Amino acid sequence: MKINLRQNYTYLHDQMTSIVWNEKINKENFNPIEYKFFRLFRNAYLILVTITCLLSLLTLFTPIQSIEREWNITISILQIFSFFFFIFDYVAHLITYKKHLFRKDINLTPHKSILKYIFSFSGIILLLCILSSLDVISRLGDINPEVEKVFNQMKFLNLARIVRFFAVLTIFSPFRTIFSVFKKQRKVLINVLLISLFLIVIFALVIWNAEATHLVEAQEKFLKEHSIQERWIAVYNIFKNTTFENEELKNAWLSNRNVTNENMALVAQNIDSYNNLSNGYVLTFVDALYFASITLTTIGYGDFLPHANISKIIVTINSLLALAIIAIPSGVIASEFLAATQEKVSSKKKSKEAKKEEIIKEVKHD
């Protein structure tokens, strides 16, 4: 009895591994009925994963008011299903990972295989898929508003579901070839990515500092040309939002700050031009990262412009480096994809020729 149970468990575990990891199977190892059931379960699982991944796109739609209530209820039910399905998907991958590695001639202990999977690319993506659905917990019961706010902010992790969806597409030969190319050249691509990130951060820091300094100089020049003191700007920003009961109180308020009505009138006349000086400037480190990134990728939207001389030099260098950095992964992927396609065509041709030779031999033998 124990042997039968163990055999059944091993059989189910083997089939589950093949289904979950979308592995190639040898049709000869199955009888026709088993093979049909295996394909049925595998395709059903892949369809479920696909539908669950694409469900996240439904949350982006804004329904018309007449069906808003029904729409929200439907979305809530689907999101709850997605949450629990991704938990199942994660656990299924976790418990079959050791067997999946064993079939690749990698033998690990259960504990090591669990740790390896948790920190693997697939494990991280599936974990992000679960985290992106944490907001459904608020639909199952009352939770702290602050915690709910954090859960809602995790919705941006829905991008991980798109990655999971593309992983499902490996069932199709063209997508499998593309994924194998990226996997084969991952070291080169990762190195290029790291170099790009390093350059972006360094250039962002230089540009941020240069632009901030240049803006301060431009503002000081503007204030000097219009005979305005910098502190008047700060006083004016408070002054324009303050209500005074009479003129006497207003004059007293200004007097305490060593400014006059004429000073405020002069600032009011030029404040828009002063504020417009910062248009197109990189003012924060996040803006600097964004500007360095779009420059390195040779896009450039025109929302930020280099003003300081050092910024212009950096942007020029960045653009020239981009030609080399983008060309490397593009060339590697293109050449590897071409080689993989040619190899696939060649193997198909050889298999056809081998079948023809077998048929000819059988005919001659008869």
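Cβ from N, Cα, C; glycine included.
Per TrEMBL, the features are:
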- 354-366: compositional bias 'Basic and acidic residues' (COMPBIAS)
- 45-343: domain 'Ion transport' (DOMAIN)
- 345-366: region 'Disordered' (REGION)
- 45-67: transmembrane segment (TRANSMEM)
- 73-96: transmembrane segment (TRANSMEM)
- 117-137: transmembrane segment (TRANSMEM)
- 157-176: transmembrane segment (TRANSMEM)
- 188-208: transmembrane segment (TRANSMEM)
- 281-301: transmembrane segment (TRANSMEM)
- 313-334: transmembrane segment (TRANSMEM)
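The stretch in 45-67, 73-96, 117-137, 188-208, 313-334 that contributes the largest number of Cβ pairs under 8 Å to the transmembrane segment (281-301) is 188-208. A Cβ distance under 8 Å defines the sequence-distant neighbours of the transmembrane segment (188-208), meaning residues of its chain 6+ beyond its ends; these are 182, 282, 284-285, 287-289, 291-293, 295-296, 306, 310-311, 314-315, 317-318, 321, 325, 328-329, 332-333. The average per-residue pLDDT of the prediction over the domain 'Ion transport' (45-343) is 86, rounded to a whole number.
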